[in-house]
Amino acid sequence: MNECIFCKIINKEIPSEIVYEDELILAFNDIEAKAPTHILVIPKKHIPSLNDLKEEDSKIISHIFSIIPKVAEKNGINKSGYRVVNNCGKDGGQTVDHIHFHVLGGRNLTWPPG
Ligand code: 5GP
Ligand code: ZN
């Protein structure tokens with residue numbers, strides 16, 4: 001049985017605020033928003049982390065990056081700007097082992113991050 005929390009969100013076993021969905025990917029609001037807009041974009045395929053990406057996944061990843069600007073526009077942050085983040089592994093701050101891209105915006109984001 002798949003215990004992955006993001007797979008459960010994909011399968012609608014756990015509710016989420018979905019902002020975009022198609023056959024390959026899902027985007028939904030982060031439950032603990034770190035900015036006025038904080039969306040997670042994930043592939044429907046369970047890929048644990050960036051370290052596990054295979055060449056054959058390149059279509060999924062390029063699709064994710066083609067949809068992110070559209071999601072940003074729909075949420076009104078494409079002109080003001082936004083940040084896309086992937087946390088990989090323990091030191092990278094990854095807490096959910098299903099690859100995901102954070103889309104953060106709606107305020108001035110500091111750089112570098114802590
Ligand atoms: P990470 O720390 O792995 O880069 O990011 C995981 C993100 O998933 C965190 O920002 C966390 O708030 C979010 N998250 C964890 N569990 C859930 C959940 O059940 N629903 C939603 N919408 N977000 C979640
Ligand atoms: Zn998963």
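Glycine is treated like the rest: Cβ placed from N, Cα and C.
On a predicted model such as this, the values are computed, not experimentally measured, just so you know.
TrEMBL assigns the feature motif 'Histidine triad motif' to one of the listed ranges (28-32, 58-62, 83-87, 98-102), namely 98-102.
Using a Cβ-Cβ cut-off under 8 Å and counting only residues 6 or more beyond its ends in the same chain, the motif 'Histidine triad motif' (98-102) has close neighbours at 4-7, 30, 34, 38-43, 46-50, 52-53, 64, 68, 83-87. The average pLDDT for the domain 'HIT' (5-114) in the predicted structure is 97. Taking a C-beta cut-off of under 8 angstroms and a sequence separation of 6 or more, His100 (active site, tele-AMP-histidine intermediate) has the following same-chain neighbours: Phe6, Leu40, Val41, Ile42, Asn86.
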